[in-house]
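Asks: Dumping the structure here so I can ask a few things about it.
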């Protein structure tokens, strides 16, 4: 089939992989049902703002709960959660037994008597006793000792961890922190992720924008790349790897020898700091070794990026394509996090003795959370696949055009129109295959975390081997998916046919382009490492200032993940352009011979580059040795 195919961009296309597009619509219909259910049954504000023992969410107006007379109050000016017995908290069925209130400010000084509580309430407008007790009755009501906090009230400080008043007394602080940490430790992975997101949400958002700035700077740098710039990038990557590794080891040594490291979250930070430091050191050694081995091919890579930059110069809007993709991804991620928070707080309010309110989790939430997580992977991969197909379509239009200086109008918009009209199903199928390979990796990682406490080395080694095998399979599938998208952009065929045709061409030309593509991808990978290193370094410096109660392992992983996704989204312009260009070149050499009947479409600079690289076979060198003629006339887009 592949040998007899006429490789030409077609004008009249048909929809491809329609059933897969229908399946994706059905999947999103179920996802929207989960979203509606989460919005109706959940209350993300309870997790973000905190709530008292009577069903009131701090910092907003509330609606009454049946059977709770102290519910439904206006807490707009009362933004902090205060526990009456902050020095003697107890846990009962994963619930803190102490009564909690919404207060406008936390006591900055120790309060030793009911008169001090009364004076604090009058001066600061913050009542530390139960709502139905008037300020004037603090010293007169015989039940004031039960309705007010236990004396003495330690000085406390508002902390941005669920808006709690944290006691500053060392003994009270230790007990308070232990209870909160034990609450988090008893939660499942789903709620731990929520806690990590909320604990460092502001820092994560700021570092994500820092990664965006680094990525955009690298895109502009690669567009106008020169030899000095490549040397500068390599020097910065080497410096960044060494510096980040050194900072990680220094922080690990500092945390380990800190005598105040007694809380479980701080010990967990020390353990993960050691893991980060070891991983960063291994990556540094491997990348420095590769740089030393491949140093002689540096000038060759500069020529490659100049040719890719020339193509992007003819289609300048390709540089803005990652920005659109990034904005779409950000909107989707914000939507996903909002739904996740709503799912985490989905529960029904039930009144207990004393007019208190408890929220009972609804059944089936964990299954919805896993389905929601699969939606995150599949939809993110689908968005990235649409970007790859858009770039590939624009590059195909540029390549299969005789007059390189007179391209069809708006090639990027035309490629987007073709994608949305005909080939969305192909992008859905390719992204689904990536998702299928990624889910077993996540399941293996989850099982590994459950079984890691066991000392048996054989199961651990088996898990790691399976994890690496799935990662290699995913990487290979990504490579073939990218070429399948380019083939679909040329021939308008479905995913399976395009993958088979692309595999046929790549199998015949793999030896010619392997070293070129690999080293070019390696330089782009160094760019991604640069973005991740300096973003993670910023995260280390930011999270290091909040050691107390700050389990910043999950936020730091989120920062590294977002930084890599952003850098990959931006730098993939050059990766997809180079891969599409080489596939078009292989097709050109396979179907044409340079004669008047079958002239080449290749640009003179690319042909010279390929001849100088000594990667063509003897037969292709014989064909390319003929005088190159640039044909200005004729129809570029021929019907199949």
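Placement of Cβ uses the backbone N, Cα and C atoms for every residue, glycine included.
Summarising the annotation, TrEMBL assigns transmembrane segment to 20-44, 204-225, 232-253, 273-294, 315-336, 369-400, 522-543, 549-566.
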Asks: Between the stretches 20-44, 232-253, 522-543, which wins on the count of C-beta pairs under 8 angstroms to the transmembrane segment (204-225)?
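Replies: Counting Cβ pairs under 8 Å, the winner is 522-543.
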Asks: Spell out yes or no: are there three or more C-beta pairs under 8 angstroms between the transmembrane segment (522-543) and the transmembrane segment (273-294), with each pair 6 or more apart in sequence?
Replies: yes
Asks: Check the transmembrane segment (232-253) against each of 273-294, 315-336, 369-400 and return whichever range has the most CB pairs under 8 Å.
Replies: 273-294
